[in-house]
Amino acid sequence: MLLEWSFAIFSGLTLGMAAFLVAAGLTLVFGILKILNFAHGTFFMLGAYVTYSILGTESASMAAFLLATLAAGVVVGGAGWATDLVIFRRLRDSDYHYTLIATFALLLLITGLVKIIWGLDFRLVRPPEVLETTWFIGGIFIPAYSVFVIAAGIVVFLILDFGLQRSWIGKTVQSVARDPWMAEVLGINNRVVMTAAVVVSFMLAGIAGGLLLPNQSLSPALGDVFLLLAFTAVIIGGLGNVRGAFIASILLGLIESVSTVLLPDLPGISIFVALIVFILVRPQGIFSGAQ
Amino acid sequence: MADRSVYFWPAAGVIALIATALAPLFANDSVTFILGLAMIEAVFALSWNLLFNYTGIASFGHAAFFTLGAYFVACAQRYGWDVTFPLQLLVAFALGGGAAFAIGAVALKRASGIHLAILTLAIAEVVRMVIGYIDYVGRDDGLGGIPRPVVNLGLATLDLRSSSAYYWCILVVCVALALGLWWLVRSRYGRALRSIAEDAERATFVGMDIYKLRLFSFTISGAVAAICGGLSAPWVQIVTPDLSHWLHSAQPMLNTLLGGSAMFWGPAVGAFAYSLINYSTRTLDGVSEIVVGGILLTIILIAPTGITGALESLRRKIFQKWRAASPWAQVRVKGEQI
Amino acid sequence: MKPVLEVTNLHKSYAALKVLKGLNFNVAEKETFAIIGPNGAGKTTLFKVLTGEVPCNVGQIKFRGTDITHQQAFRRVHSGFGRTFQVARVFPSLTVAENVIVAVEARLRAENVRSGKWYHWRPAAEVRDEALHLVADLGLANEAEREARYLSHGDKKRLEFAIMLGGRPSILMLDEPTAGMSPTERVAITDLIRRIKSERGVTVLMTEHDMDVIFNLSDRLMVMNYGEILAVGSPKEVRANKTVRDVYLGQEMAHA
């Protein structure tokens, strides 16, 4: 019983960090452009497919895996640049409904492209050799790959948090997020900052796709699963709040894994219940939304 | 002389209606099938636009109500519940309205904008998942082989088992629903809703209870969506949890923007136009997503007024030229001068 | 005579910022009561608290003897509040007539609810007549069928007054009614307010920057500074008040 629980907590942490890897870019773009990108999960999926195309299904070396992931980040980041140029920039001053619907349309478009290019089949990709081992610690099996995912989540969080809170880049970005007009007056090029934010957000999605590719069943539906998880994390953490998203992701991972122990017959529903409850009870998130 | 251009839209509407009504007589089965579906999707889109254009709410999970109605009628038909078909539709209407009222009562009080968008999306996903857990409705495989109804009217029976008979049934119900919505939009309630969509805070200060009016609109919209679902089940003869997928929630959105959200009949025009496009492209996996997504994006970026918007400006241009060219125009101008 | 509006110990703060610091004042029946003060004095916040847009932290607001402190904005409208905005707000894609019809219908709905009839049919023509009457009364008869977005700034203001009057208010809350207007328009709006007051016997509560308008219209003035009341009294008394002179009126008084 105890073992079952400690395993649940561990796998919850893994899921939570995976969710954060996707949520990070989502919340970043919302924080700065006030755009909720429905297509974010789809670009995450695209990143996973790109990595898969480079690596194949067999175990690769760690270096190849990381390089392929980076390549996915660059490809998806490029898609982000195009998206900003064609969609976000044109719709910046229009009603937010239209931006939402536009990203929704993008979700469909990219899903369709992925289906045409890679087909509908499920694929299973093995992790790099180094991460294929499993450790037996304190009576539970701990896959090295899970530890890697947790570590990756923490590293991405630390980089983002440091970048946003401490560096001059972060201060520039935050001033644009708070008051674009004032920032413009102070001589900051809003356009560049916003485009950069979109590109970074998409890159994060692509990298997350690469990092989380192993041990997933890769299919065009992969994006949906993670999108809703990430949405929930972003809402619970407070829209636009990276720290909030980090803590909320951990919380969500734990909720999900605990509920698989308690309610094995209803897989996946606890996340939605958490999402709905949070929107209704505390729409501003666990922190008051200010970043 | 009256301005004849005002007859453009009513005339176009009557012609379209007659053509649709006569379709089963000369079109083949698959075209008839698609037209039947288009009518249902048209009304579904009109119900979505009641929220979007006339109330200022964007629902991203409208398919949930459609699914509710579809599953109710599917179960009633498939398991032979002792409920006559018109009553089934009415119950679907009530179920959809009830569910929308319950959801709206909480959601519209607590959430707005982006939160409301995600909330509606999540609710539709929950509906999809919950259906997948229930054996009675066939879990992920759905319910197939749904028979079309025979309605006992007491004196006579109405046999809707043939495809053309059920097609006309769809036509009658859809026209009735569309006219009902049309009346609503033009009524004093519609006017109140429109003012809320334009400026909710301003509307508060003419003494409108915007929460109540939005809830009213949400309820009606959900009820109409459910009756559309109910109508579709015996037509398609299968229901699956994917009816509640966000791809289906995107359908009314697409039809509305394609047809033009600003005019009442825009979404219906969009539904038929989309069916036409879809009929010629639905072959490969993924193509339908690309078509839907691509059209949606193109419209938003390039022609946000949609088909009816484009036609309307064309109508103005053409009739202006026609009037200028007509000899009567000169006479009228002279007459006015005297 | 019993006051129409009684405000007791009203406090409002945003986070650590105290905007209103315990205001007490009354507005009497049928008077024109103007609130003035420099920018940041808390006029706008006070206005929003009174109309119900923003809740107050502490204090009480009574309207004709009833406590309305926690009443929602639209219910205050039902009980007799009318309001205009600093920048005229109308429903841009509705026609001028429809703008007013919407207001009249909202009032009728509220009257039905109050009288216990859940629905009481009134012929559309009757509603329309009332609205068109108001539209004509405010000099917009020729614009009745135009969409409101095409109106000039001054006409939008008139339409806003027509919308307000469609609710048959007993107290008008006017937020800087002449903001951004030319001197001619200003005089026209001042005359309009005076006419509405004499024809309908309403109470007026307004904020305003323009001293001519204020001294022309108001029976009593309330001067605010930093969330507190500096002085209340007739224009004469306020003019004579030393503190007010020092803090606020200074320059403008020289012209008045």
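Quick reminder: no glycine exception, Cβ is built from N, Cα and C everywhere.
TrEMBL annotations: computationally assigned, not manually curated.
On a predicted model such as this, the values are computed, not experimentally measured, just so you know.
Database features, via TrEMBL:
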TRANSMEM  B:7-27  transmembrane segment
TRANSMEM  B:33-51  transmembrane segment
TRANSMEM  B:63-81  transmembrane segment
TRANSMEM  B:87-107  transmembrane segment
TRANSMEM  B:114-134  transmembrane segment
TRANSMEM  B:165-185  transmembrane segment
TRANSMEM  B:215-236  transmembrane segment
TRANSMEM  B:256-277  transmembrane segment
TRANSMEM  B:289-311  transmembrane segment
Checklist line | Leading contact stretch, B:87-107, B:165-185, B:256-277 vs the transmembrane segment (B:7-27) - CB distance under 8 Å | finding: B:165-185
Item checked: Residues from the same chain, set at least six apart from the ends of the transmembrane segment (B:33-51), whose C-beta lies under 8 A from its own -> 20, 23, 27, 57-59, 62, 66, 163, 166-167, 170-171, 174, 177-178, 181, 184-185, 193, 217-218, 220-222, 224-225, 228, 231-232, 235-236, 251-253, 255-256, 259, 261, 264, 266-268, 270-272, 274-275, 278-279
Next item on the list: Determine which residues of the chain contact the transmembrane segment (B:165-185) at the Cβ level, with the cut-off under 8 Å and only residues 6 or more beyond its ends counted.
Entry: 17, 20-21, 23-24, 32, 35-36, 39-40, 42-43, 46-47, 50, 54, 89, 148, 158-159, 193-194, 220, 224, 227-228, 231, 234-235, 264, 268
Margin query: Is the transmembrane segment (B:215-236) in contact with the transmembrane segment (B:256-277), using at least 3 Cβ pairs under 8 Å (sequence separation of 6 or more) as the test?
Written below: no
Margin query: For the transmembrane segment (B:63-81), I need the partner stretch with the highest count of C-beta pairs below 8 angstroms, choosing only from B:87-107, B:114-134, B:289-311.
Written below: B:87-107
